[in-house]
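Following: one structure in structure tokens, then a few remarks.
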């Protein structure tokens, strides 16, 4: 009787593959060893990468922590150690590149002879790897896994090329794998604080910690942040207590060691699995020297594209985990779907980490076992899905090619592993579409994102809509523009042969950061020192700035935030700044437009925002307007979710530009009371303390010298009053720059508007406290906040036209409430006038933009007065419905 042979399952195939790989690796190693000392992999003592760690432990044990990042001291120590321990004399020196606290781990080993320490570390690595494999096995679903699954994982991990490289070099990759597995296991058990605390231990390899901790924060929320803060604080305190001065030496000397390794001598770029390594090897080979501009540009483009694919899911996951309550999450997300979505996001983020980093060695690719096991667990739980064959083939190709990549890349100059990882990453992005964090929210009132298929089976595949030809053409055009425009901008910015004609407003930030880096923060408001520091930068970088444009007029605490930019050449810093501004603008506008339920008005507002004169001016000058927009957007998101303290803390960050925080801060305080005020005070005092830590007395200098400098600047005959959007500026342009009447009347108008905003907010709060209607107070509160935004330029002593981009926020708020009909006309007029306002003021001395702002404020105030509850609300009584353009809701 004939029987039909059953097809092999994937588990059977993996078992055969694991067995075959073990036999193959053992056979090759045995054959090479039998070939003689020249080919034997065991001819020389292994564990060369333990030498720097042994050296660091010795320095810490002997109290010589200042030598940790001293390259000449490392060269002397390692040369003597190789002679004493009988190691191979290859002439290379491995400097200590990890944070100082990690060196304390090797103090016990350094007390042993080197060979004994090596075998101890080898045994510890075996135990660590075994524990990591156990955790990997336990990530599989308990009701689906089999004992042989653990054997498959162990075999494939142990004989993988990264594991063999890490074992041969005795790298700390196994420790990284154990920490990562522990953090993911805790995260999947909903122990967010413990997951964050364990994940922060990866700080001994910062390039790994950045991505992993970011993913944990976005998926787990505040408790994970608290755990990371606790671990970081403990490590920092221990380092400061037991290794004083080591952190400062590490931060100052490490930037000098990296060029020595990569620039001053040939570097094995074929071992780097990053976009930077790929392009550097392809264009320049292994030769030394700094990175060509084209290499830097191509690396940044690749990293930005990968990051852009993850920003949306990560932001939505962060919103769901931070700005929603447990009850809201329970209504919108089932536990099973939530865990699967979290696994998909964690797997995608960890798998993308080599593509995002500037430094990622091939042996650290062992960490890719974590996303591979997470995806396997998801497939075991969800069943077979369309496209699984390609997903498995992609992972198999990455696994197999790691054995050959270094040799092939060295011979051909092409690191194929980077291409395979990129293809695998983009191919796995479809997994991110199945979870609640990645579906568009159907509402606009700040509710949590909900599942598009919440009423359906969570395991049912989601049907995909076919994109029309016009849609595909639009997407391809946008993709081409997103690549071509950054390349053109980067080429123009990095070419010092051409004068730099835009981005002038970054120079004050860069100069202030340079003073902080050089330890001269106390001279931040000294005009002569600023000019003396800015002049060489302008000349060397071929800028078209004037020295007078380099004065720093922001609070001192923020200069330290921008100090990292000052560590780069000015043009490279400008390129990074452009990328940061683009990311912040995209994220902020994307969130703001989601407040509008109808897509067509949202699209129109988005187009109007990016084509407005303030947006174009902010891009041209590279002002910090986009930072202000992002901070205010985040504050409103927190406020609309009910997190008043967080909203207040974010508003406090606007002390970067205090003129922006006046009306919004007062309105939030009057609406929400002590919690909002406490949040604003908390952040403001922290920034004040940061400024005083830089140099005592800086805050007093800011309060006394900056107004004088701004006043002298405005008295200049060529000052452009058409760029100022305040009543005082409009009156000074009309009546004369030195008119006392203009100043007094302008200040009176500003104070009156502040009082009107505060009074309206206070009365709305009183109405809310005595009303049982949950809809009207919410709508009126949003209208008051919109009123505060419109009043923002009218109450400030100094407000430039590019900051009017913030007006997109009140327009979106009012559109979400269906209350924009009366302000559309003046808004369109203001949008048009801003293109002509400078010339109009020069010709007529009339600032029409300020008049439009006053009209918009008056219309919003009148609308608030005429609403049905407001007639009693602002007269002291409560109750009633809410008026929306002819319709009353009770």
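Backbone N, Cα and C define each Cβ position, glycine as well.
Caution: TrEMBL annotation is automatic and unverified by curators.
TrEMBL has this to say about the protein:
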TRANSMEM  116-137  transmembrane segment
TRANSMEM  192-217  transmembrane segment
TRANSMEM  224-247  transmembrane segment
TRANSMEM  297-323  transmembrane segment
TRANSMEM  344-361  transmembrane segment
TRANSMEM  398-421  transmembrane segment
TRANSMEM  574-595  transmembrane segment
TRANSMEM  602-619  transmembrane segment
TRANSMEM  650-670  transmembrane segment
TRANSMEM  676-694  transmembrane segment
TRANSMEM  782-799  transmembrane segment
TRANSMEM  811-834  transmembrane segment
Contact call for the transmembrane segment (192-217) and the transmembrane segment (344-361): at least 3 Cβ pairs under 8 Å, seq gap 6+: yes
Long-range Cβ neighbours of the transmembrane segment (782-799) (under 8 Å; 6 or more residues past either end): 636, 639-640, 659-660, 662-664, 666-668, 671, 710, 724-728, 749-751, 753-754, 756-757, 760-761, 764, 806-807, 809-810, 813-814, 816-817, 819, 850, 853-854, 856-857, 860-861, 863-864
Outside the transmembrane segment (676-694), six or more residues from its ends: residues with CB under 8 Å to it: 516, 521-522, 524, 555-560, 644-653, 655, 661, 665, 668-669, 702
Distant-in-sequence neighbours of the transmembrane segment (811-834), which means Cβ under 8 A and at least six residues beyond its ends: 444-445, 592-593, 595-597, 601-602, 605, 608, 612-614, 636, 779, 782-783, 785-786, 789, 801, 804, 840, 848-849, 852-853, 855-856, 859-860, 863, 884-885
Close approaches to the transmembrane segment (224-247) from elsewhere in its chain (Cβ under 8 angstroms; 6 or more beyond its ends): 60, 65-66, 68, 99-101, 103-104, 187, 192-201, 203, 213, 216-217
